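Here's what Swiss-Prot has on this protein:
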type	residues	note
SIGNAL	1-17	signal peptide
BINDING	His18, His101, Tyr187	Cu(2+) binding site
DISULFID	Cys67-Cys189	disulfide bond
BINDING	His176	O2 binding site
CARBOHYD	Asn220	N-linked glycosylation site
REGION	240-290	region 'Disordered'
COMPBIAS	245-275	compositional bias 'Low complexity'
CARBOHYD	Asn254	N-linked glycosylation site
COMPBIAS	280-290	compositional bias 'Basic residues'
Amino acid sequence: MKLSLLASVALVPFVSAHYFFDVLVIDGKETRSNEFVRSNTRPAKYNPTKWKNIRDDMTPDMPDFRCNKGAFTFAGQTGTAEVKAGSKLAMKLAVGATMQHPGPALVYMSKAPSSAKTYEGDGDWFKIHEEGVCNKNADFTKDAWCTWDKDRIEFTIPADLPDGEYLIRPEHIGLHGAHDGQAEFYYTCAQVKVVGGGTGTPGPTIKFPGGYKKDDPSFNFSLWNGYKDYPMPGPTVWTGGSGSGSSSYSKVANVTSSDESSQSGASSSQGTVSTCPNKYNRRHARQFKP
């Protein structure tokens, strides 16, 4: 036990440069590590997925890009959390890490045909949340981004979402190397059963793999020459009601705050904009160089 704790503590500096999600938070209550979140089989669980300088023989063009490498092998032993439509959730990073790469966060969902435990994620995915830049007057390579130094992605289950079992796929994209084709993807899947929902038709939808392309501007974006609007990847956020079919790419979105406020938000979940102050105590890590 003591050795395991020491190993976890030793990981903290590194995984704040590289990291992974392992805890589902439901209405402010943290669940156990991997209780409802699928693990993966990567030798180093915190390694990102990339198109260039590939790690663990894993790219965004592979089926495992849905939930991470080998994640489906853990599906049967992973629990399925019951959550109410309209409830506030979060996906938290493991071992005290924080997101210390500049870039956006997105959250997707996909409905299982029956049980989430037997679903590989090969169906349609729709986006329920995204957040980009919260303060365009801050350092565009660091704390201009809403996710900077946070330990979780917070989002809301759409109130109009039909009941059923779903996969939730949180994703953080590190853009520090995107100018060189080295965008880094950090993601996983949680298993949930939605209750008390509505009759909406989620959309637009994409597939994983296939929804992201190597030459998409979102993944070849340079943040090293000052602020510029960032083109959000994927479809637009579903806010309830009827979706609009499939989509392979979203519109170019201005996701910045206003000039008047350094803390105005750019977080979109169910069509709302919220502030994103740093609310949690963080452990800082050494600077990562790609």
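One is the number of the first residue shown, and numbering goes on along the chain from there.
Every residue, even glycine, has its Cβ placed from backbone N, Cα and C.
Secondary structure at Tyr187 (Cu(2+) binding site), taken from DSSP and collapsed to helix, strand or coil, is strand. When the Cα of Cys67 (disulfide bond) is compared against those of the recorded positions His18, His176, Asn220, the shortest separation belongs to His18. When the Cα atoms are compared, His18 (Cu(2+) binding site) and His176 (O2 binding site) turn out to be 12 Å apart. For Cys189 (disulfide bond), the nearest of the recorded positions by C-alpha distance turns out to be His101; the candidates were His101, His176, Asn220. Within 8 A of the CB centroid of the Cu(2+) site residues His18, His101, Tyr187, the other residues of that chain are Tyr19, Phe20, Tyr46, Pro48, Met99, His172, Ile173, Gly174, Glu184, Phe185, Tyr186. Here the candidates are the recorded positions His101, Tyr187, Asn220. The one whose C-alpha lies nearest to that of His176 (O2 binding site) is His101. In this structure, the CA atom of Tyr187 (Cu(2+) binding site) is 19 Å away from the CA atom of Asn220 (N-linked glycosylation site). Of the listed disulfide-bonded residues, namely Cys67, Cys189, the sparsest CB environment within 10 A is found at Cys67.
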